Amino acid sequence: MRGSNGKYPSSDGNGEVGNANGIIKYNRKCRDIVFLVFFIAFWIAMIVNSSFGFNQGNPLRLNFGLDYKGNVCGGKHKDFNLRELELKYYVNPNQVYQSGLKKSGVKLINARTICLLDCPIPSEDSLNWVCDYPEGDIRLSLDDWIDMNYDYYADLTPELRNTSLQLQGPCYPVIFPSVNVYWTCQFIDRPSNVSLTHWKQLNGVTINDDMVIDKSIHNSINTRSSVLKRYVADVGKSWPVLIVCGGLLPLFLSMLWLLMIRHFVTVMPWVTVFLFNGLIIAVTMFYYMKAGWIGNDAISPIIGEHDPYYHVSAREQHHIHTAAFLMTCVMIVAVLLSIAIVRRILMATSVAAKVIGEVHALIIFPIIPYAILAIFYMFWLSAALNLFSSGQVVRNDCNTNCCAYDLKAKRVSCDDCCGYSIHYTPHIAASILFHLFGCYWATQFIIACSSTVIAGSVASYYWARGESSERIPFLPVFSSMKLLMRYSLGSVAIGSLIVSFVESTRFILEAIRRRLKGADIMPESWIKRMMFHTSRFCLKCIELTIKSVNRNAYIMIAITGKGFFSASETASDLIISNILRIGRVNVIGDVILYLGKLCVSLASALFAFLMLDTHKYKSSHNKITSPLFPVLACWALGYVVATLFFAVVEMSIDTIILSYCQDAEEHQGTAHYAPPLLIETFDEQNEVQRIAQ
């Protein structure tokens, strides 16, 4: 008998085996304290790192550009309040043209820009102007300047008019029509003949009109860094969607699923499969709509009303097309797999439903970790927006030969023609990566704590079956929470850290693989390619194995109070000894639970699409550039929330199975404490009959 040698936790050392008081240890010691100290130090570093973002960041930079003074458009500054002036406009078309020439040496970031309320358009019968902010001898308020359509050319002195005709300011002609593309006025290479005629009559310098003038701005708008900033800004703008579809909706759906699995255990697996197939098809269709493959509701980079003949492409459109294609592949595979397992999904959930009925507090317990995660995510997202937008606004170091009139200095300055840009130091990238890793570790830690509490509660239920014991608490959930907080936080910290480290490593290696593939330096021989893809597969298997080992280790931690590594060894021995017995129940149970999580997360994504399709997120100020990131964020948040609640069923199944296996080991193959339903589930003959049917 294995229990007599002390290898398993039920041995109490005096020959008495199978006693519930010996199984669930209450006289515990603090375990893995070093890792708990490391986790606390990590949180201190997270707070310091986030404070740097709050101090240096400005989320407005994610959407809006800088003007010729280094001010962020759409923000309030010392000299000017630019809150309503969100659009960046390039006032000197020749600078834009020269920046598009490869050998000119002129860069677009040094071209003179100004913040406007809307993109200017050429006049049909005269020449419009856009003048610098009023200051110096220009006695106008900013509001009056806006009301005058940014044009005070008629009030300039002859000297200032002459410098304006040399494209040196303070006023610049509006020759090209422009359209608002992601809060930058994109020139359209269709110069106004009327405006050009008036400009030539005033003896203005030659203005280049070539396709280069619109391509230069277009390429700047579509850089990878600009697209990433807009995606992050989309998440910040759609915070009401994140709260509703990423927080409240999955909370409601998860609790509803738990209640229904408790009362309608036979029906719920079928309902889950049916809903999963319907939801994944619906989400895929929404991606098709936003990609423009169905209907006429495709995303557009142009913001606000515009000439229907203007067509501007953007990376966001390409990304939506890619997402729609990937969703199609996922949808086909998922539907086929769900149909394949639909006849084998009832066995495992019946046991868990029985446990939930007995331990009532399990249904409402996940609200506690849910509330903690919600508070953490609000803090984390706010810090993330500031970290992504952190950096210092500095004047560029350029050798451009250009001159512009300075209204304050009252002279033309040729030494101050470099533009401004946001300077990102290398440690900012490290801070962002640390912040992302911190989010994943904190999420895994809270999920692990929740799983450990559930495991302790269910173990109390199982081992109280054989006898009435005063050591089994009346409210096992709160007793399990107390044991976790007092003794086992360090063990949970190291388990969640291992998962986070492996997952992060796999993510980094996958990013490197994509870069190598993009650079076309992948291995050429088939042997090297096979080894390359095999390594990816092995890494994924290691990740899944570690997650499984961790989950079972948390169960043994809750039962025995051992440290993480000792608990992992004990759980692994039990699993190896009973691999066939566990596999029949656990694999199918995990599949249906995984489908349930996907149902909740897909429903969150679907409702996120519906909310983002309203006028609020299509208008000029609140318009999101693409629903891709907000929908993916709601999808991920919905999955995390579902994981917290579905852990009730998942950990109940795993805890009871491990307890059953340990019970059987202690009593020579016969489990003394197992409830009748579990014994029936594991009975070989009944199982054969059930499969045959």
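Each Cβ is built from the backbone N, Cα and C atoms, and glycine gets one as well.
Sequence-distant neighbours of the transmembrane segment (33-54) (same chain, 6+ residues past either end, Cβ-Cβ under 8 Å): 379-380, 382-384, 386-387, 390, 431, 434-435, 438, 441-442, 445, 489-491, 493-494, 497, 564. Per TrEMBL, the feature transmembrane segment maps to 33-54 (among others).
If one looks beyond the transmembrane segment (239-260) by at least 6 residues along the same chain, the residues whose Cβ comes under 8 Å of a Cβ in the stretch are 267-268, 271-272, 356, 363, 366-367, 370, 374, 381, 596, 599-601, 603-605, 607-608, 611-612, 617, 630, 633-634, 636-638, 641-642, 644-646, 648-649. TrEMBL lists 239-260 (among others) with the feature transmembrane segment.
Under the heading transmembrane segment, TrEMBL lists 267-288 (among others).
Here TrEMBL flags 320-342 (among others) as transmembrane segment.
The transmembrane segment annotation in TrEMBL covers 362-380 (among others). Counting same-chain residues at least six beyond the ends of the transmembrane segment (362-380), those with a Cβ under 8 angstroms from any Cβ of the stretch are 50, 247, 251, 254-255, 258-259, 262, 355-356, 435, 438-439, 442-443, 446-447, 449-450, 453-454, 457-458, 477, 637, 640-641, 644-645, 647-648, 652.
Under the heading transmembrane segment, TrEMBL lists 441-463 (among others). Tertiary neighbourhood of the transmembrane segment (441-463): same-chain residues 20, 23-24, 39, 42, 46, 355, 358-359, 361-362, 365-366, 368-369, 372-373, 376, 380, 472-473, 476-477, 479-481, 483-484, 488-489, 492-493, 495-497, 499-500, 550-551, 554-555, 557-559, 640, 643-644, 647-648, 650-652, 654-656, 659-660, 663, 673-675, selected by CB-CB distance under 8 Å and a gap of 6+ residues from either end.
The transmembrane segment feature in TrEMBL is assigned to 591-612 (among others).
TrEMBL lists 624-649 (among others) with the feature transmembrane segment.
Same-chain residues lying 6+ beyond the ends of the transmembrane segment (267-288) with a Cβ under 8 Å from its Cβ atoms: 257, 260-261, 294, 320, 323-324, 327-328, 330-331, 334-335, 338-339, 342, 345-346, 349, 592, 595-596, 598-599, 602-603, 605-606, 609. Long-range neighbours of the transmembrane segment (624-649) within the same chain, counting only residues 6 or more positions beyond its ends whose Cβ lies under 8 Å from a Cβ of the stretch, are 182, 230-235, 237-238, 241-242, 245-247, 249-251, 253-255, 257-258, 261, 290, 299, 301, 314, 316, 319-320, 323, 349, 352-353, 356, 362-363, 365-366, 369-370, 373, 377, 443, 446-447, 450-451, 454, 589, 593, 596-598, 600-605, 607-609, 612-613, 617.
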